Amino acid sequence: MAKELAEKAKEAFVDDEFDVAVDLYSKAIDLDPNCAAFFADRAQANIKLDNFTEAVVDANKAIELEPTLAKAYLRKGTACMKLEEYSTAKAALEKGASVAPDESKFKKMIDECNLRIAEEEKDLVQPVPPSLPSSSTTPLATEADAPPAPTPAAPVKPMFRHEFYQKPEEAVVTIFAKGIPKENVTVEFGEQILSVVIDVAGEEAYHLQPRLFGKIIPEKCRYEVLATKVEIRLAKAEIITWSSLEYGKGQGVLPKPNVSSALSQRPVYPSSKPAKDWDKLEAEVKKQEKDEKLDGDAAMNKFFSDILKCR
C-alpha cells in the first residue's frame with residue numbers, strides 16, 4: 001500500500017501537483033516510516049513548493065535512515081542553497097559526491113556554493129560594532145507576546161512550550177520538556193537553521209525547526225538536556241539584537257540604544273508653560289548676585305526668589 005501511494009505521488013509530481021505529491025508521500029511515510037526514499041522524494045516536492053526548511057528536515061531523516069542515499073544529500077544541498085545556507089549546503093553536497101562520485105550535479109552545486117561563500121566573506125569585511133558588556137542580557141518577547149506566525153515544522157501541534165532570550169553574543173532557546181532521556185533528543189545546527197526533534201514514547205515526535213533571525217556559528221553552538229528542560233545556546237555570527245527567534249521577511253536589526261546621547265539630554269516634562277532655559281536663568285541670577293554683592297543667606301534667597309518669578 002505504501003509503495004502504491006508513493007507511485008501516485010510520483011505521478012502527481014510529474015503533473016506539477018506538488019501539494020498532492022507531498023500529501024501522498026506523507027501517507028506513504030505513515031505506513032512505512034523507515035523508508036528513506038519516501039522522505040527524500042517528499043523533500044523534492046517540498047522544494048518545489050518553496051518549503052525549504054521542511055525539505056531540509058526530510059532530507060536529514062532520509063540520510064539518518066540510509067546514509068548512502070545520494071539523492072538525500074542532493075535534496076539537502078538544494079534546500080540549504082535556497083535558504084542561503086551555503087556552508088551547510090556545501091558540506092551535504094561534498095558528502096553526496098563521496099557517495100556518488102559520478103554524479104556531475106554535485107560538483108556544479110559545490111562550485112556555486114564556493115562562489116556564494118566567497119561573496120559572503122567579502123561582504124563581511126566591515127567594521128564590527130563595539131561589544132556590549134557580557135553580563136547584560138536583553139530579554140525579548142516570548143511566543144505569548146509575539147504575533148502568531150507560521151512555524152516551519154512537522155504538521156503536528158507542539159506538545160512543549162519554548163521561549164528564548166539573548167545576550168549580545170548568543171541566543172538561548174529553552175524547550176520545557178520534563179523527564180526526557182538524552183538519547184531521545186536530537187539537535188542539529190545550520191548556518192541559520194535550528195533543528196530539534198524529541199521522541200516521546202507513545203506519541204508523535206516533537207519538532208522545532210525554525211529558520212533563525214540571524215546566522216549562527218554551528219561549531220560553537222551547544223545544548224544540554226536537563227531534568228525539566230532542554231537548553232540550547234546559539235552562538236551568533238554577528239553581535240546584533242534579534243527582534244525574534246525566527247526569521248521573517250522585512251524584519252530589521254533592532255538599533256542599539258545611544259546611551260551617551262540619552263545622558264547628555266536634560267529630562268523634559270509635559271507642561272502648558274513655555275520652556276525655560278534653566279542654565280541661562282542660573283547664570284543671570286549669579287551675575288545679579290555679583291553685581292549686588294549679596295552673600296550668604298541673602299544671595300540664596302535672591303536666587304530662589306528669581307526662579308519663582310519665572311515660573
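Cβ atoms here come from the backbone N, Cα and C positions, even for glycine.
Just so you know, TrEMBL annotations are computer predictions that nobody has curated.
Only residues 6 or more beyond the boundaries of the repeat 'TPR' (2-35), in the same chain, are considered here, and those with a CB under 8 A from a CB of the stretch are 41-42, 44-46, 48-49, 51, 65, 155. Residues annotated as repeat 'TPR' in TrEMBL: 2-35 (among others).
Averaged across the repeat 'TPR' (70-103), pLDDT for the predicted model comes to 91. Feature annotation from TrEMBL assigns repeat 'TPR' to 70-103 (among others).
Annotation comment: TrEMBL describes 124-151 as region 'Disordered'.
Annotation source TrEMBL lists compositional bias 'Low complexity' at 133-146.
Sequence annotations record features per position, and here TrEMBL assigns domain 'CS' to 157-246.
Residues or ranges marked as domain 'SGS' by TrEMBL: 268-311.
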